[in-house]
Each structure stands twice: as C-alpha cells, then as structure tokens.
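Annotated region 'Disordered' per Swiss-Prot: 1-26, in sequence order. The [4Fe-4S] cluster 1 binding site annotation in Swiss-Prot covers 59, 64, 70, 298. The domain 'Radical SAM core' feature in Swiss-Prot is assigned to 71-287; the stated evidence is sequence analysis. Summarising the annotation, Swiss-Prot assigns [4Fe-4S] cluster 2 binding site to 85, 89, 92 and lists sequence analysis as the type of evidence.
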C-alpha cells in the first residue's frame, strides 16, 4: 500500500517513524498532574521575545506541562541546532527527520534573547544531530561564548545529547565551561531498546563521569521519567550508577504520553512516591534532588542552581 501525501496542502508528519505503530489509549491524568493554562501578560511577552529572535524552545517542542508557569516567570529553555531530531525515541514529542543546515547566526540570537529577558540562569538544549561530525558540540560552545559576552551575569546550563560516536565532542562543550552540564538517562537500562533505541545506557553514564574528570568545578545533572514500566529497584540501581559517576543532581518526573503513537503510560506514580525517591537520593549523596510528578529537566533550573551552589559550599565546609 502506498500513501500519497499532498506536500502543498498537507502538513509535514511530525513523527513519520511512528506511523506504523498501533494506536494506544491515552490514560486520563490524575488530579495531581493538572496544570493551569497560560494566561499572564509576562507569558505573552516571553512568547513574543522568542518569536522575535526566531528561536526554538524545548518548552514548546516537547510539549512541556510547565510552559505556562515557566514563561510567566521569564524562564525559557532554548533548543538549538534546529527542531528536527535524527533519532526517534518512543517517548519524545520532538519531530524526527532530516535536519536543516546549522544556523550560524543562532548563537548571537540566543544571547540577545537571554540579555533582553535579563535571565539569571538559562538552559540550552538541542535535538540529536547525528548527521554532524561533532554532533553539534562546536555550536553549543559558540552559544555559551555568545551568552558570556552579552549576558555575563547569567549562569548557563546545557542539556546535551550523548555525542555517541563523536570523538572529542564532549571536550569541546566542557572547555566552554557551562555552569551545569546535564545529560538525561531518561529511563532505566532495561527499557532502552524499546524507549531509547538510538542510545546506550552505559555510554551516557560514562559521558557524565567524563565531565567531572575534565572539569570537577562543573555541576553534573541527569534525569529520568517514570511510568514507562520500570521497577522500583531499577530506579534505585540507576541512582547508584549516577552517584558512581559523581553526578551532583538528579531529576525524576512522571512520563506523559504525547500522542497515541507514543509509548503508553504504564503507571502514574503518586506524589508520595516521588517524595520517597527524593529522600533516598539525598541519602545516596546527591547534592540536590528534584522529584515530583511535574518535574522536568529545566523546571526551576535557576532555583535549583542556587541550591546546588549552597549544598556544595556546605559540603566543602564540612571537609575542612
């Protein structure tokens, strides 16, 4: 059977690689997942700044439930290197396909927006760019340098892909000295083949460990979603794996199914279970844990950075 698509009148399929998958039912969200629709004046101003600079945000592309709250506080996470990803993770709402050429003017536009919004802390992330020799590492570095020039008081957090098969890429990003280096594991290793087939769990662990080896002053961070069918003991083992890589900060949030073609939600974790993970994480030695149903990597990132700084200072004081 051949499907003919009218390229003039039809929108590009956002997830062509998922079209062969059977539809799955989307469960009704429990009350603790509900969020208010964005309505504030500041939300509109943030939206206008993003559009004026022709930028992409992961807040919109990934369908983040916290976009109303964050944008109303002038918090935005910029997604560089385009809006088309070369991978097809079963949980992700970012479009998959063949990316466009890298926009060489993007670093300056991002820096201009950061300065205009007077951000204290900014998160820079990207799609996977397996098509690029360095996976986009040099572009990450250019964005960091541009922000340092135009908004020197802003602290910078990067949320990077895994740079798999990209020798030297990680070193380029670390040399640009972001304040926080985040790379998400996303899920437990037993779910990788189905949920994150283009990645490798222990490669991601090693990536985070290598950041600390290259520059111990950079905070490291990683996060997962729960509700994909993982077992509790797998989550606890993952925490241990992150601590063995000297990761400072972990986030845990509830997976929410974007469309019927995406991986279904197997279970909604209640708030008290997230609280339990947060307590366990602190005992295991993380400087900070953010664990609740609506936690996302960039949610409250600025506040979390301040907590990280304080926790590290207190840890060093005890060691003297």
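Backbone N, Cα and C define each Cβ position, glycine as well.
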Cβ packing number for residue 298 ([4Fe-4S] cluster 1 binding site), 10 Å threshold: 28
Check the domain 'Radical SAM core' (71-287) for me and report the mean pLDDT. 95
